[in-house]
Amino acid sequence: MLHWGPKYWRALHLYAIFFSDAPGWKEKYEAIQWILNFIESLPCTRCRHHAFSYLTKNPLTLNNSEDFQYWTFAFHNNVNNRLNKKIISWSEYKNIYEQSILKTIEYGKTDFIGAWSSL
């Protein structure tokens with residue numbers, strides 16, 4: 001069985017982390033296009049349907065990186081809840097992604113092994 005989920009989640013969360021804290025209209029437009037392409041590229045048809053449904057009910061918040069990160073965090077927890085997987089708190093998310101992954105990047109490692117990789 002192909003385990004594509006963890007890599008997709010890391011890409012999504014990293015995109016939100018590196019999103020601008022003061023995005024202009026062009027950055028917001030590019031982020032929306034990126035998310036739509038991201039969802040369209042999901043290898044699972046049912047997952048694509050659920051992701052588009054979530055996006056419709058929970059529009060992106062692109063005021064800054066923090067808002068975008070919170071959207072990705074809530075989306076990930078929504079999926080995990082549906083799959084009966086672990087739900088994490090906002091502080092756990094911040095620890096996992098802002099500390100662990102950014103430290104990994106700082107030290108020049110490219111294999112992003114997030115704590116959610118097995119979730």
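Including glycine, each Cβ sits where the backbone N, Cα and C put it.
According to Swiss-Prot, the protein has these features:
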- CYS44-CYS47: disulfide bond (DISULFID)
- 1-97: domain 'ERV/ALR sulfhydryl oxidase' (DOMAIN)
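Within 10 Å of the C-beta of CYS47 (disulfide bond) there are 15 other C-beta atoms, taking all protein chains into account. The average pLDDT computed over the domain 'ERV/ALR sulfhydryl oxidase' (1-97) stands at 93. Taking the Cβ of CYS44 (disulfide bond) as reference, no residue of its chain lies under 8 Å away while being at least six apart in sequence. Residues of the domain 'ERV/ALR sulfhydryl oxidase' (1-97) grouped by DSSP class, helix first, strand second and coil last, total 68 helix, 0 strand, 29 coil.
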